[in-house]
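Trainee: Annotation source TrEMBL lists domain 'SAM-dependent MTase RsmB/NOP-type' at 1-221. Residues or ranges marked as S-adenosyl-L-methionine binding site in TrEMBL: ASP10, ASP30. TrEMBL lists CYS83 with the feature active site, nucleophile. The annotation region 'Disordered' is assigned in TrEMBL to 144-173.
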Amino acid sequence: KSRLVITNHDATSFPLVMSADNKFDRVLCDVMCSGDGTLRKSVDLWARWNPLMGAHLHEQQARVLMRGMGLCKEGGIVVYSTCSMNPVEDEAVIARCLREAGGAFELIDPQEQLADLKMYHGMASWTLLTPNGEAEIHNTGAESKLTLDKQPCSGEAAPSQEGDQTSKPPRRGAKAKFTYTSSMFPPEATESESLRLERCVRVAPHLQDTGGFFIAGLRCLRELPNTVSISHRAKYTCHFVPLSDDVLADVRKGVTLPDSFPFHRLFCNPETSRTPKIYYLAEDCAKSVSSINAKIVQVGVKVFESQVKHSWAHSRVAADGAATLAPLLGDLLLRTSAAHVLRAVGNIAAAPPKSFTVDGDHVRDFTEYCPPEIPTSGVVEVDCGESIGKIYLPFDTHRGFTVHLTPTQHTLLLVS
């Protein structure tokens, strides 16, 4: 989690991170789609569905996938997915992007990773229909375009000639124009054989009692050139910043941390200081987060949060960050075992409750190791044995920590 950076950015122009040489090992393009694979749960789709619902997204889907392929390093993998069964949104997009990539990518055989998945293979041919579904449309040439009149559903935006989703809805009852392009049609037989579209994955709802999904994995054989300009780098400002000396001093009033702690990896977002939260980033992310030219909405893992609004001095260890902090605390990490806690519980009551809180005054009774001076806020490590492993609890002297016992109290301990 400490390496996590979440952004909110246009996927068709997502920037490279830091430099042109810093591409990604894995890219997931879970694109916008018509959602017709969700017909089992989205019953309202039955009345609204028409053949153009997927076709007018084809252009944007292809742009997102091409950008994802451009961000992938050699040897990396790009996964394209939709919750649609429409081949215009699925195999047609894959075929178009493989064609534009010029041999730089190949489809991965799904049996390599999904041997046990019940699925159908990708389609090599399909049929396009008129908006009313009553007639087939045939491709008349590599550069052909067919413009149709479309009667939009109530409240539905009419796509432009280029499939733009931002165009304003037409006035009620007005007809909109829609263009079928050659990339929406199935490839010729000779090209289809080289594209290996059968390596795409179609998960039908009835196979495993799920929704309908389309998945395609593409392996990068040769990196594509970057096509997104970085001239607008100053447009985005990272609001997550390292802690100032004053803020850090206040935080250390509420949380006991060793001098060896990597304080330079702690970041906060001043815009949300009404409810102060502090995040921990891995070393490489801490160095690079300010250079990411995209709107950043979340970084790293939350390790501290304040119990009092607008006050950094009342910070406590957050449950999300207990496991991340544990190896950084040194001798300040409290340690215990499930068996030790169970014995302590047996000493305080003949029939211990399923859930109880160990307050700050009794922490020593429930731990096998405590530093000479108990931290004001810290982490307790509970060793639950080989089957469960170690679990980490946030702790402070005001609230202690909470333990949950299973009905068979002597065999399993769960903590939170």
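Using the three backbone atoms N, Cα and C, a Cβ is placed for every residue, glycine included.
Automated prediction, rather than curation, is the source of TrEMBL annotations.
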Trainee: CB neighbours of the residue listed as 'active site, nucleophile' within 10 A?
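Mentor: For the residue listed as 'active site, nucleophile', the 10 Å Cβ neighbour count is 20.
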Trainee: State the count of C-beta atoms found within 10 angstroms of the C-beta of ASP30 (S-adenosyl-L-methionine binding site), not counting that atom itself.
Mentor: 13
Trainee: Provide the number of Cβ atoms within 10 Å of the Cβ of ASP10 (S-adenosyl-L-methionine binding site), excluding the reference atom itself.
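Mentor: That number is 13.
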Trainee: Report, in whole Å, the straight Cα-to-Cα distance of CYS83 (active site, nucleophile) from ASP30 (S-adenosyl-L-methionine binding site).
Mentor: 9
